[in-house]
Amino acid sequence: RAIAMSVSHSSRLNKLVREQYMKLPQDGLVQVTYVWIDGSGEGVRCKTRTLEKEPKSIEDVPEWNFDGSSTAQAEGSNSDMFLVPVRMFRDPFCLDPNKLVLCEVLKYNRKPAETNLRHTCKKVMDLVKDSHPWFGMEQEYTLLGINGHPYGWPDNGFPGPQGPYYCGVGADKVYGRDIVESHYKACLYAGVKICGTNAEVMPSQWEFQVGPCEGIEMGDHLWMARFILHRVCEDFGVVATLDPKPMTGNWNGAGCHTNYSTEEMRREGGLKHIEAAIEKLSKRHDYHICVYDPRGGRDNSRRLTGHHETSNIFEFSAGVANRGASIRIPRQVGQDGYGYFEDRRPAANCDPYAVTEAIMRTTVLNETGVETKDYAGH
């Protein structure tokens, strides 16, 4: 009974009945689900409308609106917000020809909403496009029962200490693989650039990787992968949390390690460009910590302790194959003399637009200090 109670009521509805309806033809009409980031900067929302024909490109998807006063994005007296479609994916839940569409949120005056961090990220990515920045982000997350307790953990007490769970196999080592495999397949179907997955160090903690993506594509694909994760978890009746430290004590936190390179770093002799970029990052540590979680570093301070494969939040460090450093150069890159590096500081609940934008501002646009430049004139 305890196990049954840790999943949501709606997940126990008869899915075979649903299947009956899902098979019904749509007569050429298409369901388009608009997805956006809400006022928390972490949550995603969605709503669906019917289009009369299948959109072939993002330009075929009309703008829409929603009540921003119900998503912490506007006051009730002036609550309409615009949904501006920016990237389209196949819908793995309702299947072809239906679509998922990621949207930017604009306020009544057409200015970006406070949590629309894509807007400035896109400007910066357009400025640096000649350097062809590639990103790959490793999204860690933890599965919770509907009661807020890590899924599969004993009701009273804890599992055995960390060690056997990372990349583990077996019912006593991993919890919730059905969810992970369903999410992976759903992302592949949708066209999300998911490139891998594994069980993480803490039991019921998992990771998936998205990339390589160029420029603004990174944030778009990671946000849609997160939406799909939450939606898959809903079907199974559990919750995915991106909290950077869901369990206090001797348990690993959750990050979103960000792998990054420019074209010159990927070429022969690129290591000197990697080292130059790391040098720039070392002088701007405080700025990066501020944007690497939604609360200006407060969330990350629970995770970046210098223990559990993290660096200390107050110190910048870099090293080859060092998982206790702020920046890790993979051993292979050290040997080859070119490739990429990994910024291990972003928290699991970071906004990928903010992270990738900050990295470009520092390493390509050569910004220094804690202030950012406004490139509106460009």
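Think of each number as a place in line: the chain as shown, counted from 1.
Every residue, even glycine, has its Cβ placed from backbone N, Cα and C.
Now, the feature entries from TrEMBL:
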type: DOMAIN; residues: 30-110; note: domain 'GS beta-grasp'
type: DOMAIN; residues: 117-378; note: domain 'GS catalytic'
Looking only at the domain 'GS beta-grasp' (30-110), how are its residues distributed among DSSP helix, strand and coil? 9 helix, 39 strand, 33 coil
Mean per-residue pLDDT in the domain 'GS catalytic' (117-378) works out to 96
